[in-house]
């Protein structure tokens, strides 16, 4: 048989129990940073991967690594977004979603910053929807930008537009094309049904644009442009009254509801007409409603009273290519007891 112990190996000694270490003075430590999330390579085709569900992510390290000092985009606002979402009643997952979104757009921006302008356009050999846009841009640069180089250099330093334009997002209604606006002529915002919310509605892209145009750029004119066969107005006029099912609520429905006063006025004035005629009436009624909503903004009302700002309405009929324009008069002591009137009405055909 085989013996367990080899004569050449000394017998094992019993292990001694380790002595307890003397107590150390514990100092407060900063919290251990969470591991940084694994990031894809800047040129990795992340857009081709299916979206993954949001998961808690640790914020990226503050120190910039090699090759990240040029044009690094800060994503420190992700914490503030998370706090806002949680304060609104959302859970922790909203914070992780906001952080995840910040991580994603930071990575995409880094790819743009690393882009070389001499890189050949990448195409898959199929239809390229940007081919015509590229040709148009090249033509614009040669025929417009180069010929008016001095003017564009001035615009690069500052903008002093004559108009603030609120127009519809409809693809058939482009104020730049139909009114011949050039760069620097108009500060423009477009939304569904060219609506201006009242001041009490709060922040939106339209109210932010108005605030900047009136208070910072100090435009002398605000023009609200409506148009024929507006889908937003049709949605407004198609809404049921009070017994509408809440499950049918959509972003469009909630937005066009801002024009409910125009709808009520239309039903009172043209309720016996066809639906198409009612929509046509409401298209102009909503423009005047937006003009009155403009006066709910204290800084707009003040400038109108001082005579430094004029409010105009415009209606583009693309069926017969006509444009109707008018100006709203606002004076507290206007004759007839009303504060509002229309002047300088004309039709271009």
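Note that the numbers count up from 1, one per residue, in the order the chain is shown.
From the backbone N, Cα and C atoms, a Cβ is placed for every residue, glycine too.
Note that the coordinates shown come from a computational prediction; the quantities given were computed from them, not determined experimentally.
Copied over from TrEMBL:
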type	residues	note
REGION	1-80	region 'Disordered'
COMPBIAS	20-43	compositional bias 'Pro residues'
COMPBIAS	44-55	compositional bias 'Low complexity'
BINDING	168, 170, 227, 230	Zn(2+) binding site
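In sequence order, 167, 169, 172, 173, 193, 194, 226, 228, 229, 231, 232, 233, 283, 316 are the same-chain residues whose CB sits within 8 A of the CB centroid of 168, 170, 227, 230, the residues recorded for Zn(2+) being left out. Its Cβ taken as reference, residue 170 (Zn(2+) binding site) is surrounded by 20 other Cβ atoms within 10 Å in the chains shown. Within 10 Å of the Cβ of residue 227 (Zn(2+) binding site) there are 24 other Cβ atoms, across all protein chains.
For residue 168 (Zn(2+) binding site), the Cβ neighbour count at a 10 Å cut-off comes to 25, with all displayed protein chains included.
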